[in-house]
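S.K.: Mind having a look at this structure? Questions to follow.
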Amino acid sequence: MLRYKRILLKLSGEALAGEDGYGINAQMLERYAEEIREVRNLGAEVALVIGGGNIFRGVSEAAANMDRVQADYMGMLATVINAIAFQDALERKGVFTRLQTAIKMEQMAEPFIRRRAIRHLEKGRVVIFGAGTGNPYFTTDTAASLRAIEIEAELIVKGTRVNGVYDSDPEKNPDAVFYPKISYQDVIRKNLRVMDMTAITLCRENLLPIVVMNMNESGNFSRLLCGEEIGTLVHA
């Protein structure tokens with residue numbers, strides 16, 4: 001019995017880069033696609049939002065002097081590159097998918113239509129959301145929160161390379177304190193870097209829980225959905 005039926009997974013673009021630091025690492029892509037295939041086979045309805053940092057990092061120096069709005073549009077396009085790569089990886093594993101973008105790209109993706117996205121999920125397709133919210137000044141964390149609320153997801157899973165939320169960066173501080181559970185309010189008060197404040201506020205106002213967990217540990221995603229206490233739960 002699944003604890004969560006419909007979830008949205010948020011991955012950073014950097015997660016796809018792996019140790020390379022930029023671009024798309026084929027092994028990381030395959031690993032994440034396999035994790036999603038496993039939870040899909042359990043009967044979960046899965047939506048996905050991916051950042052674009054792995055693609056955008058290569059042009060970030062040039063973008064530093066650009067108009068913010070133009071730079072943000074470049075970032076949105078970077079998320080679509082990752083989304084197409086992920087769609088291909090999933091479909092090679094026999095997982096049916098649909099790609100929806102917040103900016104019209106009719107030759108390669110559907111426009112985001114809420115009711116259609118929900119129908120795809122009900123039919124067992126993994127829905128990948130690209131191009132963020134379609135608006136500048138909003139991060140892909142905020143896009144993930146917004147889409148999760150719109151599709152009536154029961155949970156956002158933020159996949160990272162650490163085991164959850166700590167009081168400081170565990171990769172820099174070996175004495176960092178791990179939080180198995182923490183409230184939205186404490187995340188905001190302690191300025192913990194779970195998601196950006198707009199995303200956290202959206203989740204808090206709509207009582208949407210977040211789990212932050214290590215996506216690089218095989219099987220974590222499936223165990224979480226089956227009821228194990230994995231990572232950090234951010235709750236009301």
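Counting starts with 1 at the first residue shown.
Cβ coordinates come from backbone N, Cα and C, glycine included.
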S.K.: Besides Gly52, Thr133, Gly134, Asn135, Pro136, Tyr137, Phe138, Thr139, Thr140, which of Asp67, Asp72 does Swiss-Prot list for that UMP site?
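M.R.: Only hit among Asp67, Asp72 in Swiss-Prot's UMP site, alongside Gly52, Thr133, Gly134, Asn135, Pro136, Tyr137, Phe138, Thr139, Thr140: Asp72.
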S.K.: Region 'Involved in allosteric activation by GTP' per Swiss-Prot sits at which of 18-23, 168-173?
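M.R.: It is 18-23 that Swiss-Prot describes as region 'Involved in allosteric activation by GTP'.
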S.K.: For the region 'Involved in allosteric activation by GTP' (18-23), DSSP counts of helix, strand and coil?
M.R.: 3 helix, 0 strand, 3 coil
S.K.: Taking just the CA atoms, what is the gap between Thr133 (UMP binding site) and Lys10 (ATP binding site) in Å?
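M.R.: Between the Cα atoms of Thr133 (UMP binding site) and Lys10 (ATP binding site), the distance comes to 14 Å.
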S.K.: Taking the binding-site residues one at a time (Gly52, Gly53), which has its Cβ surrounded by the most other Cβ atoms within 10 Å?
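M.R.: Per the Cβ count within 10 Å, the most buried is Gly52.
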S.K.: For Ser12 (ATP binding site) and Gly52 (UMP binding site), what Cα-Cα distance in Å is obtained after rounding to a whole number?
M.R.: 7
